[in-house]
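*Asks:* Annotations for this protein, taken from TrEMBL, read as follows:
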BINDING   GLY37, ALA39, VAL40, SER304, ASN336, LEU401, ASP404, SER405  Na(+) 1 binding site
BINDING   ASN44  Na(+) 2 binding site
DISULFID  CYS142-CYS150  disulfide bond
REGION    1-21  region 'Disordered'
TRANSMEM  31-48  transmembrane segment
TRANSMEM  60-78  transmembrane segment
TRANSMEM  99-130  transmembrane segment
TRANSMEM  217-237  transmembrane segment
TRANSMEM  246-263  transmembrane segment
TRANSMEM  297-318  transmembrane segment
TRANSMEM  330-356  transmembrane segment
TRANSMEM  389-410  transmembrane segment
TRANSMEM  430-453  transmembrane segment
TRANSMEM  465-484  transmembrane segment
TRANSMEM  505-526  transmembrane segment
TRANSMEM  546-568  transmembrane segment
Amino acid sequence: KDFTLSNEKDAHASESDENLERGNWSNKGDYLLSMVGYAVGLGNVWRFPYLTYQNGGGAFLIPYTLMLALAGLPLFFMECSLGQFASLGPISIWRILPLFQGVGITMVVISTFVAIYYNVIIAYALYYLFASFQKVLPWSDCFSWADEFCSKTRLVSNCNATLDGEIIHANYSFITSNNLTCINGTMTYKPVQFPSEQYWNKVALQRSSGLDETGNIVWYLALCLLLSWMIVGAALFKGIKSSGKVVYFTALFPYVILLILLVRGATLEGALNGIEYYIGRQSNITKLMEAEVWKDAATQIFYSLSVAWGGLVALSSYNKFHNNCYSDAILVCVTNCATSIFAGFAIFSILGHMAFVSERPVSEVVDSGFDLAFVAYPEALSRLPVSPLWSFLFFFMLLLLGLDSQFATIETLTTTIQDIYPEVMKKLRIPVTLGVCILLFFLGLICVTQAGIYWVNLIDHFCAGWGILIAAVLEIIGIIYIYGGNRFIEDIEMMIGKKSCFFWLWWRMCWFFVTPVLLMAILVWSLVTFSPPTYGSVLYPAWGTAVGWCMIIFCVIWIPIVAILKIVKAEGNLCQRILNCCRPAANWGPSLECHRGERYSHVVDPKKEKEHEIPTVSGFVY
C-alpha cells in the first residue's frame with residue numbers, strides 16, 4: 001500500500017518549521033525542557049538519595065560521576081544524534097541497520113509496559129494530593145482504619161532495670177508500675193507501624209494479601225488513573241507543539257517546590273542529622289572497594305537518564321538538522337545528576353527531623369521507592385506545622401515529575417505510529433493520541449485493583465530491567481561495530497560541524513570499548529544476582545514470576561524475529577543476505593534533501609518515490 005502525501009499539515013508542523021512534513025520544536029527551550037522532564041523523574045527523588053547514604057555517603061558521588069561520563073553520557077549523546085540526524089522515531093531509525101530493527105520494537109514495547117504502570121504511580125500521587133485538602137491529614141494519626149499495631153511512637157516491650165540492688169529483665173508495664181527506670185540500651189520494642197504505613201496499605205491501596213488475591217478495582221484509584229490519562233491526552237493532543245509549552249511549568253516548578261522543601265527542612269530540629277546521614281560527616285571511602293557500589297552507580301545513571309527507552313530518539317527527531325545536540329546532551333545529563341543530588345538534601349533534611357521527633361535513628365525512617373514517597377516522607381510531613389500545605393507541595397511535585405516523563409513516553413509511541421502511518425497521523429493525530437491513552441488506561445486497570453501494587457512492582461522488576469540493558473548493548477554494538485563508529489561520527493559532524501581528532505578521542509574510547517563493556521558487566525551481574533520479585537515481605541507465587549518472564553520475553557523476542565524475517569526476505573545466499581541486512585537501507589540519511597550533501601546524494605526520497613515503511617504480516621519493510 002502506498003501513501004499519497006497531501007498538502008495538509010500535521011498539528012506537529014507550522015510554517016516556520018524546517019521540516020514541513022514532520023514538524024519541529026517551536027524553539028530550543030521546548031526541546032531542552034522536554035528532555036529534562038523526561039530524564040528527571042521519580043527515581044531522582046526516591047531512589048538516588050537512598051543509594052547515596054547506603055553506599056558511603058558523599059563517596060558515592062565518585063562512582064556516580066564516573067559512570068555518568070563513561071556510560072550515561074555516551075549513550076545519551078548517541079541517541080540524541082541518531083534521532084536528530086534522520087528525523088525518525090525509535091523503530092524507523094533502524095534504517096541505519098535493518099537487521100537490528102527489532103531493537104527499536106523492543107524499546108517501544110518496553111515503553112508501552114512502563115507507560116501503563118507509570119501512570120498508576122501518578123494516580124497514587126493524585127490521590128494523596130486530593131487527600132491533602134483537609135485540616136488534619138488522614139495519615140497523621142491512628143484513626144478508625146488502624147489496628148493495634150499502629151503507633152506514632154515506639155512502644156517499649158521490656159527492658160532491664162535495677163530492683164533491690166539486682167538487675168532484672170521484665171516487661172515494661174511491670175517496670176512502670178513499680179516506678180523503676182529502664183537501663184539505657186536494654187529496651188526492646190513492640191513491632192509497630194506508622195499511621196502513614198497503615199494508611200498506605202489499608203486505605204489508599206486496600207492492599208490484598210498477595211498477587212493471588214486480585215480483589216476489586218479500587219474505584220477512587222481508577223478515577224485518579226482516568227484523570228492522569230486525561231491530563232496526558234490533553235497535553236499531547238497537538239503533539240510536541242502542545243507538550244512543548246506544558247513542560248515550561250511541569251519541568252520547572254518541581255525545582256521551586258524542592259527549594260521550598262529544602263529551606264523548610266533546613267530550619268527544623270534534627271535536619272542536620274538527616275543531611276549528615278545522606279552525605280556523611282566523613283564519607284566512607286572504603287565503600288568504593290565494593291563492586292556492589294559501582295554496580296548501583298552504573299544502574300542508577302543508566303535508568304535515570306532514560307537511555308534505550310526510545311524516548312530520546314523520538315524527542316530529538318523533531319530537532320532542526322543543525323541543532324547542537326552535543327551541548328544539549330551534556331546540559332541535560334548534568335542537570336539530571338545535579339537534580340538528584342539537590343533532591344537528596346530536601347528529602348533527608350525533613351527525614352532527619354522526623355527521626356528526631358520520633359526518637360528513632362535516621363536509618364529506621366529512611367526508605368526508597370514507594371515506601372519513601374508514600375510512607376516515610378508523608379509521615380514526616382504530617383508532623384510539621386501546617387502539614388496539609390507541605391503535603392500538597394510534595395505530592396504536586398511528584399505529580400509533575402511523573403507527568404513530564406509520561407509525556408515523553410507517550411510521544412515515543414505516537415512518533416512511532418507517525419513514522420509508520422504518516423498520512424493517518426496527519427489527519428487523525430488527536431483521535432490516535434486519545435485512542436492510545438484510552439487503550440493504556442484500560443490495560444492499567446489491573447494495577448488499581450487490590451492486588452494492583454503487586455502488578456506495578458512486577459512490571460517494574462522485569463520490563464524496566466534486563467530488556468532495556470539488552471536493547472542498549474545491541475544498540476551500541478550495532479551502530480559502532482556494524483554500521484561503523486567513524487561513519488557515525490561523520491554523520492554527527494554533518495550536523496554540528498567538523499571537529500578535531502582530540503575532540504572525538506573521549507567519545508571513541510567510550511563508544512568502542514568502555515561503554516559496551518560496562519553495559520555487558522551490568523547485564524551479566526543483574527542476571528547472576530537475580531532474585532524472585534517480592535513486595536516488602538510478600539513473596540510472589542510461581543505463576544507471578546512466570547508472568548514476569550513472559551513479559552520480558554515478549555519485549556525482547558522481536559529482536560530475533562525481525563532479524564530472521566529480514567534475512568529471509570533478502571536475496572542471495574545466507575552470507576549475502578546477512579551482509580545486505582547489515583547495510584543501511586536505501587532511504588537512510590537526513591530527511592531533507594538540502595541536508596544530504598554528497599555523502600547521501602543517493603538517498604531515495606520517499607516523497608518522490610511514494611515509499612513509506614509500513615507493517616505487513618511478514619515484518620517491517622522499506
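Using N, Cα and C of the backbone, Cβ positions are placed for all residues, glycine too.
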*Asks:* Does the transmembrane segment (546-568) reach the transmembrane segment (330-356), going by 3 or more CB pairs under 8 Å (6 or more apart in sequence)?
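*Replies:* With fewer than 3 qualifying Cβ pairs, these stretches do not touch.
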*Asks:* Including all protein chains displayed, how many Cβ atoms other than that of LEU401 (Na(+) 1 binding site) lie within 10 Å of its Cβ?
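*Replies:* Step by step: centre on the Cβ of LEU401 (Na(+) 1 binding site), count other Cβ atoms within 10 Å, giving 29.
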*Asks:* Take the mean position of the Cβ atoms of GLY37, ALA39, VAL40, SER304, ASN336, LEU401, ASP404, SER405, the recorded Na(+) 1 site. Which other residues of that chain put their Cβ within 8 Å of it?
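*Replies:* Close Cβ neighbours, site residues excluded: VAL36, TYR38, GLY41, ASN44, ALA251, SER306, THR339.
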*Asks:* Count, for each of 31-48, 60-78, 99-130, 217-237, 465-484, the Cβ pairs lying under 8 Å from the transmembrane segment (330-356), and report the range with the highest count.
*Replies:* 31-48
*Asks:* Quick check: of the recorded positions listed here (ASN44, CYS142, CYS150), which one has the Cα closest to that of ASP404 (Na(+) 1 binding site)?
*Replies:* ASN44
*Asks:* Measuring CB to CB from the residue listed as 'Na(+) 2 binding site', give everything in the same chain under 8 Å that is also at least six residues away in sequence.
*Replies:* SER304, ASN336, THR339, SER340, ALA343, LEU401
*Asks:* So if I measure Cβ to Cβ from ALA39 (Na(+) 1 binding site) and keep only same-chain residues at least 6 apart in sequence, which ones fall under 8 Å?
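*Replies:* The list for ALA39 (Na(+) 1 binding site) reads SER304, LEU305, SER306, VAL332, CYS333, THR335, ASN336, given in order along the sequence.
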*Asks:* In sequence order, which residues at least six apart in the same chain have a CB under 8 Å from the CB of SER405 (Na(+) 1 binding site)?
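*Replies:* The answer is GLY37, TYR38, VAL40, GLY41, LEU42, TYR118, SER306.
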*Asks:* Would the transmembrane segment (60-78) and the transmembrane segment (297-318) count as touching if the test is at least 3 Cβ pairs under 8 Å, pairs 6 or more apart?
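*Replies:* Yes, the transmembrane segment (60-78) and the transmembrane segment (297-318) are in contact.
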*Asks:* Should the transmembrane segment (99-130) and the transmembrane segment (505-526) be scored as in contact, given a threshold of at least 3 Cβ pairs under 8 Å and pairs 6 or more apart?
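*Replies:* Judged by the Cβ rule, the two regions do not touch, with the required three close pairs absent.
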*Asks:* Counting Cβ pairs under 8 Å that are 6 or more apart in sequence, does the total for the transmembrane segment (31-48) and the transmembrane segment (430-453) reach three or more?
*Replies:* no
*Asks:* Please name the residue among the recorded positions VAL40, CYS142, CYS150 whose C-beta has the most neighbouring C-beta atoms within 10 angstroms.
*Replies:* VAL40
*Asks:* If contact means at least 3 Cβ pairs within less than 8 Å, sequence distance 6 or more, would you call the transmembrane segment (505-526) and the transmembrane segment (246-263) in contact?
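*Replies:* Per Cβ check, the transmembrane segment (505-526) does not touch the transmembrane segment (246-263).
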*Asks:* For the transmembrane segment (246-263), which partner among 217-237, 297-318, 389-410, 430-453, 465-484 gives the most CB pairs under 8 Å?
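*Replies:* Most Cβ pairs under 8 Å with the transmembrane segment (246-263) come from 389-410.
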